[in-house]
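Trainee: The domain 'C6H2-type' annotation in TrEMBL covers B:2-56. What TrEMBL lists as protein binding site is B:His184, B:His285. The Zn(2+) 3 binding site feature in TrEMBL is assigned to B:Asp201, B:Asp212, B:Glu342. Residues or ranges marked as Zn(2+) 4 binding site by TrEMBL: B:Asp212, B:His278, B:Glu311, B:Glu342.
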Amino acid sequence: MDDIPQLVTELPADGTIPSERSTAPSVSSSDPTRKIPVTIITGYLGSGKSTLLENIGKTSKKKLAIILNEFGDSSVIEKSVTIKDTEKSESIQEWLDLGNGCLCCTVKDNGVVAIEQLVEKSKDRIDHILLETTGVADPAPIAKMFWLDEGLSSNIYIDGVVTVVDSEHVLKCLDDVGGHWHRENNHVKNAQTTNVEDLTEEELQQEEEQLQEGITTAHLQIALADTILINKYDKLQDKEKEVQAITDRIRSINGTSPIYTTSFGDIELDLILDLHAYEGDVTKVSKSLLSNSASFHDSRISTVTLEFPFLASEEQFDQIESFLQYILWENKINDKEVEIHRLKGLLVQKDPEIVKVVQGVRDTYDTIEGGKLLDGVKSNKLVLIGKNLNQEDLKIELYKYLK
Amino acid sequence: MATVCASPTCGKDTESALKCPVCLKNGVNSVFCDQSCFRSSWSVHKHIHPSEDGTDSYNPFPDFSFSGELRPAYPLSDRRPVAKHIKLPDYAKNGKPISEIKNDRVGRITQLSEKDIKKMRKVSKVSREILDVTASHVRPGITTDELDAILHKECMKRNAYPSPLNYYNFPKSVCTSINEVICHGIPDKTVLKDGDIINLDVTIYYMGLHSDLNETYYVGDKAKCDPDTVRLVETTRECLDLAIKAVKPGLAFRELGNIIQAHATKNDCSVVRTYCGHGIGELFHCQPNIPHYAKNKAIGIIKPGMVFTIEPMLCLGTHKDMSWPDNWTAVTEDGKKSAQFEHMLLATETGVEVLTARSETSPGGPVARIE
């Protein structure tokens, strides 16, 4: 509506035309404190992601928005969302409205803005968002996208990454050096992307290099996972032995995240939702840091724990930050090329007590202050999942900064 | 004495003394029975008003709930032609900056070679000249479209392409952001008034490189006499200066937001979150991303040879922004004023070089706060 003036008997002395509308339009009135969690569900085509989602939709009491596929494929213009209202057992299809790009750099990805708008529009109809990636998707860029700065006061936050692996094929897949198995089974970008023209040379080249090295998308999906589901348990012959072999193999890559076996995605929802995996909860992080139980290390991507004494001064927090910035942004540790996919940690100064949680995915990291130290924690701890990592090099690099 | 209600759908005799203020202003008496009679006939009645300032402009989004007083004034002028010999960026033809989109997926921060740095200095100087010439025409009574025409002509004179033109289909050659407009205002038939502030955001593409800078200007003397407006504009200017002072090799980009927000808060201004500073060079926008708010997770350390912008946007009220239906114009949600300043910077071995620095004769510049 354009402004309708207020009728007058004579014009005010200053000549201004009074407006009928006395106040500015009210700014959106939704509860600004409620944030909706986003869980990223990743896994190869055929691993059972969709069955898992279906199962969650059936059993959850939460009102879920399920965003299917194609996420991370930033060129796709429209994306559909299914909002399941389990109480009324209704499904509503919505379209995400992805605007065009922007003249200046914007902080948020278009997809994130579209989901924020969806939440805004349907505030009480959504309790949790599940985002299913394509089979070939590296989940890190998507996790980064949804790990929004506090200052952006978004109405959504990243809850965690759940990775589904196909128990029948995962070992073959992780052993594939050179990409033969991946190409044969169409687990490559060329075979799964709707707009093949959108793939850049660099992307394809990077995929090829990783396949040659034996670093598959499955490695990345497991490295980034905050919870791992070994699915299709029912298909295994010698169940106990095979599950052990798969678990050992996954542990060698990701030594900290919980692993569960499932058939047809039957899993208690508490185990995969509300993980708060990117937050500064000291209790949760302490727990996950304790459990690095890898018995041997995958030579390609592995989990390494670095322990060192509590910090003595606040300057040492800054020194650790410089160390983290170096290893995450220069991709080097003790002059060796490395790649860090996930980082978690706990940094403590005893007197006065300062406890900081460290969270990181690829080159994005944060240190979050707050919380109380748990009994039994005797040292600082950093857990890194990535390529070419080992404890000695990390120690050497750390003490270049820590003085 | 009874008159006939001026509403074309009423036509009753009335004793009312209520008149349409717009008509009154134009020396016409249009009497209506009451406000509701007036309201129901408004959409028809308003057409008898002469258009403001004698131009035939209209608001293309009459149903949109604008947050402040500013309205778009369409039609936009025709797309300005670019001389054939001028080197075009890749998006000039179809609006899609393909090289940027590709680069975003790689996302490394480049350090310029000595040769490119020399070129960059030249391009920066040209962009400063173009901004200064355009800004010297800022005065009450000029339209933003006229400013766009001036800028475009100055670009053509210097063989430079105006980078905003057709970038993601942006229709004009410069961004003109008045009062509550945070950024990306589209030049149109809007007439600048005494008391307005306007930001001119200029980017040019010349010798294969982009150069980006912007400044906010007071329109007329009234703006300079309003304490809040001056506090906003000068605080924003100071925020940029303070951030630039901190730039040196070894500093993490994420620190700049802490500096800017601290100074803004001290002066009771808010910092816009949605838009950030950026790397620039062969591409209009690239890594790094430089948010202007505190506690951000921006990636990267400043190193010699990096070229990037810092361009804080501050507001008198809320930092929250919304878009007009043109999908470009970003305005404050509460309609209060917003200001912005931008420089393009080169990190050197020892500190920083302000590539787009003002000259002795640059229009605008700081004014004293009014206590």
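Cβ atoms here come from the backbone N, Cα and C positions, even for glycine.
Those TrEMBL annotations? Automatic predictions, nothing curated.
Situate these features within the shown structure.
Mentor: Mapped onto DSSP helix, strand and coil, the domain 'C6H2-type' (B:2-56) counts 22 helix, 6 strand, 27 coil.
Cβ neighbour count for B:His184 (protein binding site): 24 (other Cβ atoms within 10 Å of its Cβ, all protein chains included). According to DSSP, B:His184 (protein binding site) is assigned to coil rather than to any helix or strand.
Its own atom aside, the Cβ of B:Asp212 (Zn(2+) 3 binding site) has 27 Cβ atoms within 10 angstroms in the protein chains shown.
B:Glu311 (Zn(2+) 4 binding site) counts 28 other C-beta atoms within 10 Å of its own C-beta, drawing on all protein chains shown.
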Trainee: Roughly how many Å separate the Cα of B:Asp201 (Zn(2+) 3 binding site) from that of B:Glu311 (Zn(2+) 4 binding site), to the nearest whole number?
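Mentor: Checking the Cα atoms of B:Asp201 (Zn(2+) 3 binding site) and B:Glu311 (Zn(2+) 4 binding site) gives a distance of 10 Å.
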Trainee: Is B:Glu311 (Zn(2+) 4 binding site) helix, strand or coil when read with DSSP?
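Mentor: Note: B:Glu311 (Zn(2+) 4 binding site) is coil by DSSP, not helix or strand.
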Trainee: Rounded to the nearest angstrom, how far is the Cα of B:His285 (protein binding site) from the Cα of B:Asp212 (Zn(2+) 3 binding site)?
Mentor: 10
Trainee: Per DSSP, B:His285 (protein binding site) is which: helix, strand or coil?
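Mentor: The three-state answer is coil.
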Trainee: Between the Cα atoms of B:His285 (protein binding site) and B:Glu311 (Zn(2+) 4 binding site), what distance do you get, rounded to the nearest Å?
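Mentor: It is 13 Å, counting Cα to Cα.
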Trainee: In this predicted model, what is the average pLDDT of the domain 'C6H2-type' (B:2-56)?
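Mentor: Mean pLDDT, the domain 'C6H2-type' (B:2-56): 81.
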Trainee: Listing the binding-site residues B:His184, B:Asp212, B:His278, which lie under 8 Å (Cβ to Cβ) from chain A?
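Mentor: From B:His184, B:Asp212, B:His278, the ones near chain A are B:His184, B:His278.
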Trainee: Which is it, of B:His278, B:His285: the one of these binding-site residues whose Cβ has the most other Cβ atoms within 10 Å?
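Mentor: Checking each of B:His278, B:His285, the winner is B:His285.
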Trainee: Let me check the 10 A CB neighbour count of B:Glu342 (Zn(2+) 3 binding site). How many other CB atoms are there?
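Mentor: Counting Cβ neighbours of B:Glu342 (Zn(2+) 3 binding site) within 10 Å gives 24.
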